[in-house]
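Heads up: the structure comes next, in structure tokens.
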Amino acid sequence: MKRVSLTQYLVEQQREHGMIPGQLRLLIEVVARACKRIAIAVNKGALGDVLGSASSENVQGEVQKKLDIISNEVLIEANEWGGHLAAMASEEMDSIHVVPNRYPQGEYMLLFDPLDGSSNIDVNVSIGTIFSVLRKVGHTRGVSEDDFLQPGKHQAAAGYCIYGPQTQLVLTVGNGVVAFTLDRETGSWVLTQSDIRIPEDTKEFAINMSNMRHWAPPMRRYVEECLAGKTGPRGKDFNMRWVASMVTDVHRILMRGGIFMYPWDQREPEKPGKLRLLYEANPMAFLVEQAGGAATNGRERILDVVPCKLHERVSVMLGSRNEVDRVTAYHQQTE
Ligand SMILES: O=P(O)(O)OC[C@H]1O[C@](O)(COP(=O)(O)O)[C@@H](O)[C@@H]1O
Ligand SMILES: [Mg+2]
Ligand SMILES: [Mg+2]
């Protein structure tokens, strides 16, 4: 079988399909290289002294894990040098990181959740890195936080790296979704799946059920109907999965279908949800739509939401189209 590398795939997207300019190709390669370095740190675990918490909190008041900080530093350092970027934003940083003038400058902006699934680091369960690429619009000099406040439909590329039994990079540049597997012997990313498609129907849902008592009525209705199984209104039995690493839950959905939900709940009623729009929901929504699925916040398409601030939160319902349409309709009916 002919092995296609990440570089070959990207060159093809650039030259034959005209999907990406050269700068974006190089930027994605730098992100992929950084993910390789993070994968090495993840694999070392206790041997590399990377497990456990650091003594700091991030802007959302969450205690940072050592790997959150290491992964953030790896991504910043790699992309400052060769990323063709104007600036970066991360779940782990209070404000944007403008690329200093001494480095090559570019027109792109990189956003990331450097380490997703932090609660799974110390228990050796799959975790990941999520990234999104936007282009700076307008010709104003310099770059500010406002430049990042674009709806997700403007993303030029998005993807994630999953650190699981295999290390995989899943990517979209707006021309479908592809997956690469890291060949540890050669150190290269090899294309292992192209044209990933999410089936329209599913019998598998993913949600943190322990929050059920806090949900809004439409959310409760949807899940109760799933739980009622064959003799309930849905007329079929559902299975449930919840890894608590968004990367891993969404990866499963891209591989075999399903619906993932992290809805608004009453624990923090003033926040629209737990997940972050710019670092988690937007890149995953772009991937899911490119794979034929759907992604909403219960009211509208996630990719249409115009962010008001960098660390904005959002309700998330994504995956197999017919299930996402159903749970979205339940929310819309109650408005
Ligand atoms: O413990 P919970 O609330 O079920 O949280 C699970 C969710 O929180 C997250 O872990 C948040 O990600 P971080 O690890 O980047 O903070 C998501 O990946 C996941 O879907
Ligand atoms: Mg996360
Ligand atoms: Mg994180």
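From the backbone N, Cα and C atoms, a Cβ is placed for every residue, glycine too.
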With ASP113, ASP116 listed by TrEMBL as Mg(2+) 2-binding, which of these, GLU280, GLU289, GLU300, is given for the same site?
GLU280
Can you tell which of ASN175, ASN208 TrEMBL lists as binding substrate with ASP116, GLY117, SER118, SER119, LYS274?
ASN208
Taking GLU91, GLU92, GLU107 as the options, which does TrEMBL list with ASP113, LEU115 at the Mg(2+) 1 site?
GLU91
For ligand 2, list the binding-site residues among ASP113, LEU115, ASP116, SER119, ASN208, GLU280 whose CB atom is within a distance below 6 Å of it, in sequence order.
ASP113, ASP116, GLU280
Give me the count of other Cβ atoms within 10 A of the Cβ belonging to GLY117 (substrate binding site).
22
DSSP state at ASP113 (Mg(2+) 1 binding site), helix/strand/coil
strand
By a 10 A CB contact count over all chains shown, which of the binding-site residues listed here is most packed: SER118, SER119?
SER118
